[in-house]
């Protein structure tokens with residue numbers, strides 16, 4: 001039987017998984033890498049760490065699967081918006097990667113907004129003027145690395161999101177490409193026409209010579225170096241992490257929603273061929289592109305989801321492992337009604353306040369680790385409801401009323417029950433929770449002719465558990481109103 005390698009390059013770790021042609025998981029390898037915080041609000045990665053962790057985990061996963069040379073295709077999924085610029089001749093990065101969480105270009109975004117540029121940018125890219133996206137990060141690098149812009153104009157430097165950089169490394173510098181979903185997150189790509197936007201590139205003084213070729217999500221992206229896996233292997237599927245999860249969750253029908261809980265939380269609502277312009281400051285993006293046909297989505301992005309649990313562990317040191325939050329939340333005094341607004345790197349959708357900072361409301365002398373754990377987990381549910389309320393307001397034909405979930409936090413039954421309670425809708429957790437890697441594997445497998453098309457793949461999606469709302473409507477509304485007051489207070493400071 002043929003096998004597929006899925007590379008999942010995330011914000012805090014790189015993972016690789018081997019699937020067989022029926023998309024059953026055969027092996028997993030994972031490796032964390034350092035986070036770099038040069039200044040408050042700045043977040044960087046060393047691109048060599050990204051590459052070395054990907055190469056190591058890919059080899060390890062293939063070895064553990066014991067597949068005897070039957071590797072037929074590679075799919076890649078990745079943290080989006082993160083920016084790498086490297087030398088064409090050597091492949092060496094000219095600076096650390098600037099990560100999607102980084103806020104250093106907030107002033108630049110503000111000045112562009114004040115100059116009246118946001119409506120044009122939003123109309124073409126579907127995105128808002130925010131440091132989250134790649135474009136202003138690229139400009140910052142070209143402005144601050146000596147000689148970079150001139151070198152880029154001469155064709156000596158290349159830009160890419162993480163997928164593009166990894167493909168360059170995997171292919172030994174033979175392929176400078178990306179896919180439509182990653183391109184759509186740069187704020188340089190016209191999602192209406194499916195091409196790089198010359199006017200926006202000119203506005204930011206970004207030479208178009210450094211941009212990668214854009215392909216479908218299932219397409220030939222290049223062949224790996226023979227020394228990596230013993231022979232050349234085709235890279236046949238690429239999608240940004242949230243779009244890969246959308247595919248892995250089989251959200252192919254307009255109106256279907258999924259929400260992924262990792263470092264951040266990202267909810268996507270499939271809007272089909274309709275490019276819905278948000279009135280609620282959500283993002284209009286490409287869900288996936290197959291056969292040259294773009295399927296669009298509304299997306300809401302929360303910067304801090306699983307990261308709030310990391311804060312409990314690494315910042316407050318009230319837990320040693322993430323799994324401890326479940327027991328603490330269950331044992332907490334719900335009457336205290338503690339509220340945490342985890343705006344550690346600003347507020348994401350639908351607020352988009354990069355300068356806001358986190359706060360805790362309702363502290364008493366009896367507030368302890370259990371109450372903090374409960375409030376931290378609840379904050380993720382509240383933020384998800386913020387996104388879903390905005391989606392429902394934007395698209396009358398929208399949300400079917402069931403939310404499909406995936407990601408590390410979904411292992412917590414307590415968190416998923418609270419999520420169902422606070423959004424007032426069923427939450428479906430799939431049997432296969434590695435939906436991001438699954439989506440990448442499916443894209444590559446479909447292109448290789450090993451896996452079925454969307455309709456047949458969707459028919460095989462399996463439910464592990466449905467969480468139905470149990471909370472009384474009056475309680476739900478009161479708790480959500482309290483959250484709203486807390487968010488407004490944070491934005492007012």
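Positions of Cβ are set from backbone N, Cα and C atoms, glycine also.
ATP is bound by 11, 12, 13, 263, 306, 310 in Swiss-Prot, and the record lists one more residue there from 172, 401, 408, which is 408. The glycerol site recorded in Swiss-Prot comprises 80, 81, 241, 242 together with one of 37, 132, 288, 296, namely 132. The glycerol site is defined by 80, 81, 132, 241, 242, and by the 8 Å test on Cβ atoms against their centroid, the other residues of the chain that qualify are 79, 82, 100, 185, 240, 266, 301.
It is 81, among the binding-site residues 81, 241, whose Cβ has the fewest other Cβ atoms within 10 Å in the structure shown. When the neighbouring Cβ atoms lying within 10 Å are counted for each of the binding-site residues (12, 13, 242, 263, 310), the highest count belongs to 242. For the binding site of ADP, formed by 11, 15, 263, 306, 408 according to the record, the largest Cα to Cα distance is 17 Å, rounded to a whole number. In this structure, residue 11 (ATP binding site) belongs to neither helix nor strand by DSSP; it is coil.
If you count neighbouring Cβ atoms within 10 Å for each of the binding-site residues 306, 408, the highest count belongs to 306. Taking every pair among 80, 81, 132, 241, 242, the residues recorded as binding glycerol, the greatest CA to CA distance is 15 Å.
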